[in-house]
Amino acid sequence: MFRNQYDNDVTVWSPQGRIHQIEYAMEAVKQGSATVGLKSKTHAVLVALKRAQSELAAHQKKILHVDNHIGISIAGLTADARLLCNFMRQECLDSRFVFDRPLPVSRLVSLIGSKTQIPTQRYGRRPYGVGLLIAGYDDMGPHIFQTCPSANYFDCRAMSIGARSQSARTYLERHMSEFMECNLDELVKHGLRALRETLPAEQDLTTKNVSIGIVGKDLEFTIYDDDDVSPFLDGLEERPQRKAQPSQAAEEPAEKADEPMEH
């Protein structure tokens with residue numbers, strides 16, 4: 001990770017045409033707990049894995065309410081996410097006050113992109129170390145957007161960010177053709193299955209470590225936590241076990257139990 005003089009500030013380019021401070025901020029997103037977003041023709045769903053700093057601490061909130069038609073899930077620095085969430089709430093309030101209408105989701109994402117681009121260009125600033133999945137519903141239908149510390153943003157049919165998110169993205173790519181025709185219950189189950197792929201073999205989803213956000217046609221953005229998640233988890237089949245060779249069947253569980261969870 002030694003970059004010599006090329007990672008001292010966000011305004012310094014390396015000879016390879018890279019800005020290392022932005023790449024470091026992208027790594028912060030990969031250290032956050034995983035979150036998944038996906039949509040059908042009528043709904044957009046966010047599913048996030050909550051993490052507790054210690055056994056004495058409560059689980060951190062991973063899904064935040066922005067407006068009646070928009071919510072976000074986060075991966076990365078929570079403090080940066082809180083600041084961006086407050087900015088988004090203010091923009092939504094301004095739209096309702098000035099224009100008497102909800103702010104279109106794509107317009108809000110564009111404003112976030114403009115705000116997060118500023119610290120990637122100015123001396124003495126650092127990029128926001130958080131990635132967002134934005135779920136919303138407007139006149140154009142349901143939306144899932146991804147934003148990055150580099151100020152890029154993408155309109156997605158499904159996406160996952162955070163630690164071990166590649167496993168979730170593999171699941172989403174494999175089942176992406178099914179999402180558009182799913183009803184709400186099936187869509188949430190797909191999100192939970194994708195999120196479960198990010199966990200080690202010895203762990204599973206529970207009401208304590210999962211949060212769900214749903215928005216759709218005639219449905220305001222709603223967050224489900226703790227016991228409210230139970231109906232969705234109850235309908236989820238058990239996690240399939242990895243196949244092992246007969247001679248190693250007794251040894252492998254002990255070996256896998258020692259594998260640390262990626263942070």
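Glycine residues also receive a Cβ, built from the backbone N, Cα and C atoms like all the rest.
Noted in Swiss-Prot for the protein shown:
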type     : residues : note
MOD_RES  : Met1     : N-acetylmethionine
MOD_RES  : Ser110   : phosphoserine
CARBOHYD : Ser110   : O-linked glycosylation site
CROSSLNK : Lys115   : ubiquitin cross-link
MOD_RES  : Ser177   : phosphoserine
CROSSLNK : Lys208   : ubiquitin cross-link
REGION   : 232-263  : region 'Disordered'
COMPBIAS : 253-263  : compositional bias 'Basic and acidic residues'
Ser177 (phosphoserine) versus recorded positions Ser110, Lys115, Lys208 - nearest by Cα:
Ser110
Which residue, of the recorded sites Lys115, Lys208, has its CB surrounded by the fewest other CB atoms within 10 A?
Lys208
Validating a neighbour-count step here. Other CB atoms within 10 A of the CB of Ser110 (phosphoserine): how many?
13
Other CB atoms within 10 A, centred on Ser177 (phosphoserine):
9
Integer Cα-Cα distance in angstrom, Lys208 (ubiquitin cross-link) to Lys115 (ubiquitin cross-link)
33
